[in-house]
Amino acid sequence: MPSSQGSPPKPPKEELTGRTLKNFFWMFAGGSAEAVLKIVVVLILARLLLPEEFGVVSAALTVVALAEVMGRIGVAPSIIQVKTLTDDHVATGFTTTLASGILMTGVFFFLAGQIADLYRMPDLEIIVQVFSLLFIIKGAGLVSEALLQRKMRFPELAVIRLASYLFGYAIVAIVLAFLDFGPWALVWAQLAQTLLSTGLYLRLAWDGIAIGFNWSTFVTMIRFGLGVTLTQIGNYVSQNADFFVVGRWLGAEALGYYSRSYLLLQQGAQLVGRMGDQVLFPTLATIQDDHPRLERALNRALALTAMTQIPLTALLVVAGPEIVLTLLGPQWERAVLPFQILISVLLFRTGYKFVGSILRAAGRVYIAALWQWSHALAVILGALIGQSFDLEGVAVGVSLAITFCYFSGLYLVGRFIGVSGRDSLRRLVGYTALGLAFAALLVTSKAVLAPLGLANPWMLLILFAEFFVVYVLLFTFAPNMFGREGEILKEQILNRIRRRRTKT
């Protein structure tokens, strides 16, 4: 009989909110540091590499992302979600992901020429062949990463992501770009980052990792994992269809501009969305049969997101030109308007990930797959129609698609799980009014400062400082403006400060 690694800890009702917030803040802190680091790296690389060089590598990464999803076949979510984890689960999962990674390496190595022809980018072939090595490397670490998430070891996860980006990607990319490696600076940096992160995952979660295979365990995992994989493929299409459309119909240079504006957008969206999803899914899996608690968790997550993301969106839209021109340089002006359009739906891009967490935690993986594929179809249509109007048209089409995904996801959660998001929608109205007030304040400030002829970095610094000061003052002296979430968050922060003072 296979030994058991136990069930994920089921937190008491009164501890769920505090534990989730604590884990979220760990991932948020790590994600914040990573986001700042990525911005610094972009600032440097944008001045060393050409837009078309970014475009070719971005096209290759869309292929890598597809192969990664297919290679995972839903094993990692199965490891997290299963109520009682055994050594058979771990060994079977490790063997499956490793074998799948080897298979994907072979397939995409030999299809590289056809992929380059599809994109109409001859230089893409050799890059895809080198990138195919990523599938074996990532496949070796997927189960260890899932074990860390299952055990809610979020401090370690945050450190791994930050360290692998800093010592793997950032340093390698910058050094090689200075040495005139061109797009290969990004290629070797991606390989270094993946190799380092996989090594760290295996180092911290090696227990039970072994070559082994149990057919009945595999079938059980795939029954859940197949639905997750279908969802992830739909998610892949929704996140990469616009890149394919831009690259094929508008060219590598246009894809370079679009990919950089999208990367700047991701720092805001992933900071809360991806980190929150990785915290919420393991937490919600422990209460998957308790619908009232699922409903409270969903509404709390969406409201907290709106509280931070809507005012932040106002800042990023108003300061969009200064952000792009300061970080990327004047030669990237073509990326300004696409960035402003894409960032305008930051809340929906972040919040839809939480909806997906609820569907997966409740075991509704095939409903989640259907929902994700409807989003993918909307992105494809939006990008294809929009490309007739250049990059701005693609950005509008993709933004409408993500808005559709957010609201349709809330409907499905209510329809098939009985978890209503109405409470968060009501609070969304109040936070929207707050965001409009911030936008009006920042636009007015920008108009007043315009005659001074300030350089972009100085204007950006003033706008960010003004936003931060006003937000902190409101949060400190008028937390009721941020609803119940603002009061809870303030109390959590004050409690932590009191505990630290008590210890000292």
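Just so it is clear, glycine is given a Cβ too, placed from its N, Cα and C backbone atoms.
Taken verbatim from TrEMBL:
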TRANSMEM  24-50  transmembrane segment
TRANSMEM  56-80  transmembrane segment
TRANSMEM  92-114  transmembrane segment
TRANSMEM  126-147  transmembrane segment
TRANSMEM  159-179  transmembrane segment
TRANSMEM  301-329  transmembrane segment
TRANSMEM  335-352  transmembrane segment
TRANSMEM  364-387  transmembrane segment
TRANSMEM  393-416  transmembrane segment
TRANSMEM  428-452  transmembrane segment
TRANSMEM  458-478  transmembrane segment
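Under the criterion of 3 or more C-beta pairs below 8 Å, with sequence separation of 6 or more, the transmembrane segment (458-478) and the transmembrane segment (335-352) do not qualify as touching, having fewer than 3 such pairs. Fewer than three CB pairs closer than 8 A are found between the transmembrane segment (393-416) and the transmembrane segment (428-452), and contact between the two stretches is not assigned (pairs 6 or more residues apart). Through the fold, the transmembrane segment (56-80) approaches residues 8, 89-90, 93, 96-97, 100-101, 103-104, 107-108, 115, 119, 121, 123-124, 127-128, 131-132, 134-135, 138-139, 142-143, 145-147, 149-150, 183, 186-187, 190, 220-222, 224-229, 232-233, 235-236, 239-240, 243-244, 247, 252, 255-256, 259, 281-282, 285, 360 of its own chain, all at least 6 residues removed from its boundaries and within a Cβ separation under 8 Å. Listed stretches 301-329, 335-352, 364-387 were compared with the transmembrane segment (428-452); the greatest number of C-beta pairs under 8 angstroms is found for 301-329. If one looks beyond the transmembrane segment (301-329) by at least 6 residues along the same chain, the residues whose Cβ comes under 8 Å of a Cβ in the stretch are 39, 42-43, 46-47, 260-261, 264, 268, 272-273, 276, 280, 335-337, 339-340, 343-344, 346-347, 350-351, 354, 421, 423-424, 427-428, 431-432, 434-436, 438-439, 442-443, 446, 456-457, 459-460, 463-464, 467, 471, 482-486, 489. Within its own chain, the transmembrane segment (364-387) has Cβ neighbours under 8 Å at 224, 226-228, 230-232, 234-235, 237-239, 241-242, 245-246, 249-250, 352, 355-356, 393-402, 404-405, 408-409, 412, 416-417, counting only residues six or more beyond its boundaries. Long-range contacts of the transmembrane segment (335-352) within its own chain (CB-CB distance under 8 A, at least 6 residues past either end) are made by residues 257-258, 260-262, 264-265, 268-269, 272-273, 276, 302, 305-306, 309-310, 312-313, 316-317, 320-321, 323-325, 328, 375, 391-392, 394-396, 398-399, 402-403, 405-406, 409.
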